[in-house]
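What follows is a set of notes on a single structure, which appears directly below.
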């Protein structure tokens with residue numbers, strides 16, 4: 001039995017509120033259970049120096065957590081004077097995951113920065129950031145298309161992510177914090193709407209796992225990502 005009472009293949013309730021902020025070209029507040037992340041997308045008519053003049057666009061991301069997103073206060077990284085290793089790892093993951101669904105030629109020589117700010121954390125913040133970040137990106141690109149700034153849609157496939165793991169010996173979908181902290185195996189699965197893999201992060205936390213168990217987690221992830229993509233499409237319809 002899961003602490004939440006959910007079935008093994010049951011996701012937490014998902015809601016996506018678009019247009020949550022008025023200034024960003026795209027914004028979405030995604031809630032997956034008690035994990036809440038605000039995602040905004042900003043369009044800039046510039047690109048990093050390493051692709052300047054190439055005609056290619058760029059999508060990048062930044063990630064952070066509010067001090068009381070967790071049960072005890074965390075010091076702001078800006079106060080500490082540097083980003084932690086976890087933050088850097090996660091924002092790089094978000095950026096490369098989102099880029100996997102983008103035609104950078106069609107985007108043109110501009111950059112879109114997706115900011116993901118965790119308001120409340122209860123497990124799966126990086127997955128929620130990727131899923132909500134795609135919605136913010138979709139909304140920002142819609143504005144480019146409406147203005148005629150791009151000829152064709154540069155977003156070729158939705159991108160979403162979900163955590164799956166082995167808890168109490170059972171494969172489970174969408175781990176919350178109590179499950180994540182006790183999981184024997186923990187994994188993050190990033191996929192496209194067409195069920196193509198972008199990245200899989202899996203590690204044995206308390207016990208090793210078999211190929212069969214990995215396949216079970218992959219099946220759960222595919223189901224979960226399908227549900228998340230449906231929520232993305234409903235939010236941006």
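Including glycine, each Cβ sits where the backbone N, Cα and C put it.
Given the structure is predicted, the values throughout are model-derived calculations rather than measurements.
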Quiz item: Which residue of 86, 99, 104 does Swiss-Prot report at the same phosphate site as 124, 125, 126?
Solution: 86
Quiz prompt | Any further residue of that chain within 8 Å (Cβ to the Cβ centroid of 86, 124, 125, 126) of the recorded phosphate site | solution = 63, 90, 118, 121, 123, 127, 128, 129
Quiz item: So which one is it: of the binding-site residues 86, 126, which has the fewest other Cβ atoms within 10 Å?
Solution: 86
Quiz item: Quick one: what's DSSP say for residue 126 (phosphate binding site), helix, strand or coil?
Solution: helix
